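**Student:** Checked TrEMBL, it gives:
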type	residues	note
REGION	1-31	region 'Disordered'
TRANSMEM	51-69	transmembrane segment
TRANSMEM	81-102	transmembrane segment
TRANSMEM	123-150	transmembrane segment
TRANSMEM	170-190	transmembrane segment
TRANSMEM	202-222	transmembrane segment
TRANSMEM	242-259	transmembrane segment
TRANSMEM	279-304	transmembrane segment
TRANSMEM	324-356	transmembrane segment
TRANSMEM	377-396	transmembrane segment
TRANSMEM	402-426	transmembrane segment
TRANSMEM	447-466	transmembrane segment
TRANSMEM	472-493	transmembrane segment
C-alpha cells in the first residue's frame, strides 16, 4: 500500500487520460482521499483478469438463474424467455461499450459515479451514486435472504426455527435471519481481508457454479425423463409472443447488473485497463449462456406448464429432481449456493467502492475514503454495507423485493449517465482527437454510445410507464419516493461544505487528475 501527497483545492496538475501507465491518470489513479497528514492512500493493484471476470459473472448471475426460470417461462414460455434474455444480454453489451471505454480512460473506483462527475458535474454524480449505493447494498441483502430461502428447501428445520412475525405476507423466522446474518458477516470479513482474497474466492465459486450448470444440462439431456418435447409449446399459449419477449427484455438491467462491477474495480487491476471492455463482453456472454442453460434444462426436465400455478417452494429444483433425482438436486443446490456467494461477494466489492469514491469527493463523510492500513481495502464502506444489510432480513423478503425493484431504476440511470458521458467524449471520425483523451475518435462507438442512451431511456420507461410489462409496483414507487426525499435532505445538508471544495480538488481526489480540458468549467471554485 503506497501513498502520495494530497493536492489542495488550488493545486494544479496535468493528465492525459487513456495513455500509458506513466501518465497522470494511471500513476495517481488510485487516490483514496486525504488522510490527516495530507497524504492519499492508494488501493492495491492486485486483481487479476480472471478474478475480475468472475466478479462480473458471479454478480450478474447470482441466485436468479437457479430460482427464476419457471417465473420467466410463466411470463413468456421457454422460447420467449430464451430470446428475451439473449436480446437483453445483447443490449447490455451495447451499454458495455461505453463502460469499457470509460474504465480504460478513467481507471478509478466509483464506476458510473466517476464518469458522471466527469461528464455532468457533482450534482448529477451524487444523484447517480445515491441510487447506485441503494441498488448495490439491497442486492447484497437480497442474496443473503436468498441463502435463507435456500435453507427453507434444504434444511427447513433450521431455517424455519423460531417464528417471529409476518411482513406483507412473508413469514419471518429467527433461523432465516441468522442464516442471512452469518453470510453477511462472513463475506464482509472476506472483503476486508483483501481484494486478492475475495477475487480468488470469487473465481473458485464461479468455476464450481459453471461446472455444476454444465453437468445439470448434460444430465437432463441424457436422462430418459428429459425430453425437448417437455418445452412445448415454446411460447406461452395465453400471452402474445412479442409481449412475452419484451417482458423478459425489460428485466435485463436487473438480470445482468454486475457487469458494471468491472469498472468499479478498475483501479485495482494488475493489468492494463484497456482489457475492461473484453472482460465485460465475456462476462455478459457467459451470464447469458448460464441463464439460457438453466431455462433449457428446466423446460426439458419436466413439462413446463405443469410447473406453473403451483405452490412449489422451488419449482426449478422440482423439475431437475424429476429428471436427475437427488443427484440433480444436490448439483442445483451447489450451483445456487455458489451463485449466492458470488452475488454477495461481488456486490460487497461494488457497493464499498462507490462509497469510497463518494467519500473521496466528500459528498458523504470523508471517513468513507479511508483504507485499511494492513489489507488496503475500503473497510468503512464494507462495514456500512454489512450494517445496512443486517437490518434487511428482519423485514422479510417481500418488503426487501420492493426496494430491489425500485433500485432497478437507479441502475438504468447509471447506464444513462455512463453512455451520455461516453457520447460526449467520443468524437466523429472526421474530427480531431481530444488532446487529453486517447482513442476517442470513432464514429461507430459514438453511435453505439448514443444507442446506449436510447436503450437506457427505454428501460426507464418500461419501469415507469403505467401498463408496461415491467412497471414498478406501488410499494416500489413509494420506496423510491422515500429514498429520493432522503437523498435531497442529505444533499442539502452537505451542500455548504461541498461549496468550499473546488472542482479541481474533487477531480484530483476521485480521478487522480483533472477532468479532460474541454469538459472543465471556466470557473471551478464551487460545486457543479
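Each residue's number is its place along the chain shown, starting with 1.
Glycine is treated like the rest: Cβ placed from N, Cα and C.
Provide an account of the burial state, proximal residues and distances for the features listed.
**Tutor:** Outside the transmembrane segment (81-102) by six or more residues, the chain places 69, 72-73, 75, 111, 115, 118, 244-249, 251-253, 255-256, 259-260, 262-263, 276-278, 280-281, 284-285, 287-288, 291-292, 295-296, 415, 418-419, 421-423, 425-426, 439-440, 445, 448-449, 451-452, 455-456 with a CB less than 8 A from a CB of the stretch.
Same-chain residues lying 6 or more positions outside the transmembrane segment (202-222) and placing a CB less than 8 Å from one of its CB atoms are 50-51, 54-55, 57-58, 61, 65, 286, 290, 293-294, 296-297, 300-301, 320, 323-324, 327-328, 331-332, 334-335, 338-339, 341-342, 345-346.
For the transmembrane segment (242-259), same-chain residues at least 6 beyond its ends with a Cβ under 8 Å from one of its own Cβ atoms are 55-62, 64, 72, 75-77, 80-81, 83-85, 87-89, 91-92, 96, 99, 135, 139, 235-236, 280, 283-284, 287, 291, 343, 346-347, 404, 408, 411-412, 415, 459, 462-463, 468-470.
Residues 49, 52-53, 56-57, 60-61, 64-66, 69-70, 72-73, 77-78, 81-82, 85-86, 89, 92-93, 96, 99-100, 209-210, 213-214, 216-217, 220-221, 223, 225-228, 230-231, 255-256, 258-259, 262, 316, 318-320, 322-324, 328 of the same chain sit 6 or more residues outside the transmembrane segment (279-304) yet have a Cβ under 8 Å from a Cβ within it.
Within the chain carrying the transmembrane segment (377-396), a Cβ under 8 angstroms from the stretch's Cβ atoms is held by residues 32, 43, 109, 136-138, 140-141, 144-145, 148, 164, 166-168, 170-172, 176-177, 180-181, 184-185, 188, 191-195, 348, 351-356, 359, 367-371, all 6 or more beyond its ends.
Remote same-chain residues near the transmembrane segment (472-493) are listed as 123, 126-127, 130-131, 134, 168, 399, 402-403, 405-406, 408-409, 463-464 (criterion: CB distance under 8 Å, separation of at least six residues from the stretch ends).
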**Student:** When you look at the transmembrane segment (123-150) alongside the transmembrane segment (324-356), do they share 3+ Cβ pairs under 8 Å, ignoring any pair fewer than 6 residues apart in sequence?
**Tutor:** yes
**Student:** I'm a bit unsure how to read this: which one of 51-69, 170-190, 402-426, 447-466 has the highest number of Cβ pairs shorter than 8 Å with the transmembrane segment (123-150)?
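**Tutor:** By the under-8 Å Cβ criterion, the transmembrane segment (123-150) pairs most with 402-426.
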**Student:** Taking residues 6+ outside the transmembrane segment (51-69), which of them lie with a CB under 8 Å of any CB in it?
**Tutor:** 81, 139, 143, 146, 149-150, 196, 199-200, 202-203, 205-206, 209, 213, 254-262, 265, 269, 279-280, 282-284, 286-287, 290-291, 294-295, 298-299, 314, 316, 332, 335-336, 338-343, 345-347, 349-350
